[in-house]
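Feature annotations, courtesy of TrEMBL:
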type     : residues : note
COMPBIAS : 166-189  : compositional bias 'Low complexity'
DOMAIN   : 37-147   : domain 'Cation/H+ exchanger transmembrane'
REGION   : 160-197  : region 'Disordered'
REGION   : 483-528  : region 'Disordered'
TRANSMEM : 12-28    : transmembrane segment
TRANSMEM : 35-58    : transmembrane segment
TRANSMEM : 64-83    : transmembrane segment
TRANSMEM : 95-116   : transmembrane segment
TRANSMEM : 128-149  : transmembrane segment
TRANSMEM : 207-232  : transmembrane segment
TRANSMEM : 252-270  : transmembrane segment
TRANSMEM : 394-410  : transmembrane segment
TRANSMEM : 422-442  : transmembrane segment
TRANSMEM : 578-601  : transmembrane segment
Amino acid sequence: MPTAVPYDEPSLVRLLVCASFFYLLNVVRVIADFCLYGGIVAEIILGIVYGSPVGAILPAEWEATFTTLGYVGLVLLIFEGGLSSNLPMLLSNLPLSTLCALMGIGLPIGFSIALLHAGFGYGILEAFAAGAALSSTSLGTTLAALNSVSGATSAIAKKGEQSTDASTAASGPESSSRSPSPAGEASVTSPPPAVSPSLQQTRIGTVLISAAIIDDVIGLVIAAIIPALASVQSASSQMSRGELAWTIVRPLLSSALIAAVAPIVARFILRPLFWYKGVGERWCALRRPDKPWGTWSFAGPAKGWGSESHADAVKVFIMAVSVSAMAAITYYTETSVLYGAYVAGLILTYVSKPPPALDGRQSAARRVLHDRRAKDLSFEETFGRLFGSVQNHILLPLFFASIGFAIPFVDLWRPAIIWRGVLYSILMCLAKLAVGLPVLLYEPLMVYVPAMLHKMRQCFISTGCKVQDALSDNARRIRSAVLRKTPGSSVPPPTVEPATSAGKSKTDSQEASPPPHADGSRAVSAGEPPRGAAAIHAAAFMGIAMVARGEIGLLIAQLARGGGDGGESSAGLLGEDAFLLCIWAILVCTLVGPMCLGFVVRRWGTKVSSGVWA
């Protein structure tokens, strides 16, 4: 074994191949984003052309290296998704996310068993393995598509703000002369311009990301049990039922324990350590006059500590340690490394959030100071500034190209495989589109059901009032009849109870105005358009965003196919034809999903995250 690798100058052909590959990955993404709203699609196709499926232009060792670098980009993308998540909104919408995730897992498996087993005659375990491969959701593809669309939308919004600022500046002297402000007050009390949150931070974006994470975790759990199922299916299997049960329970148990222990550690250990005597803010934020720096000689202003580069270096170190620790924990507990990266992002977002004011009431100056502290401590802002260009132009394009490396493109074009694969692909797209049904029903249930219950309550109250009025009228008639038959008694004239009419009018007014909800909004009246119609956009967005399968689907399909070492003992659940049908469905869903998602978001704009989904 050589002790060193000899340094040889690369040939011109290799230099041109490598340079053209990186250059074209970025060029085709820009063109496809402009034409098809799906630059990811072009990167996958370029991977098919340059890789082993078609052209074999790249050497095999380069494909393995690019696959590893691409997966690093995927891990960083998921980590960034955790940094940008809205943690309170994530927890409040966890039941809805879980329901959507379970539908996204159960429907593909059920449809696969119905079509492949009952329709095409494949084995039940083979159909289950195909459905398991198609039950996952490519979180990396979804986040990349959301980032692409959000970037385009924010650019348009920034352009509109610049035009607005220009028009304001044109009339600025006159307005400033009309309404002068005290010196120094504008810099403190004037609030910053409102910025609309990205799709990842809205309610519908949070539900989408958390549902995709749950899909991936359960999909990888299924991927872990597929080799065990394959060994049970073989005649020479020595695995007992207890070993099979532990193989199934272990990934689920470890995922649940990580989800339960990580918040406790973050709340009672990491956050107190970060904010103990302001240690975290000293090292991770810029120097400013109102922030103490301690007594260390190297930490004083004379040494230059506290600049942006120093704070970024500390935050990069913390991010590297957090991602590495969570990746190691999830890997050795046989859970998804992507799941660990997402949890690491959530932990850092929670730990670095500045504490609110103790009295709960903040003046404008305190709000500005709080926002400034949050921006200085933001790991998301530092990550985007330092790693955004490398991730967007090198690592993520390599990841999507590596998906193209793994697609057996030539083998897909047998006639029987084509029509079966297309039919199976359509069915798998519909299975994920159905994930939008809980979103479609969420708003009507949350709006109309309380209003209907209130009306039923008011109806019972008004019915009770009418019965009471009837009983009172009957009692008065009986009393009048008794008084008439009694000698010497005078019959009083009939009176009308003012309280009854007042109560009736009050009841009618209560029926006319629906009650307010917990969020302060009023229920829908008969003359207003239904609010549930706005949920159609959010439901379509949710279903389309869950269509893409990508890397997790390919991984499960490869594990279910088996034969990794070339021996007969490694035979899996999926045969050659069923494996090609899986590849057809994964390829079509991964190509169609991002394009449709970009079209929907750019077509409907803010309607996707309007109303309760903002």
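Here the Cβ of each residue, glycine as well, is placed from N, Cα and C on the backbone.
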Three or more CB pairs closer than 8 Å, sequence separation of 6 or more: does that hold for the transmembrane segment (128-149) against the transmembrane segment (394-410)?
yes
Are the transmembrane segment (35-58) and the transmembrane segment (422-442) close, by which I mean at least 3 Cβ pairs under 8 Å that are 6+ residues apart in sequence?
no
Could you put numbers on the helix, strand and coil content of the domain 'Cation/H+ exchanger transmembrane' (37-147), residue by residue per DSSP?
88 helix, 0 strand, 23 coil
Any chance the transmembrane segment (95-116) and the transmembrane segment (12-28) are in contact, meaning at least three CB pairs closer than 8 A with a sequence separation of 6+?
no
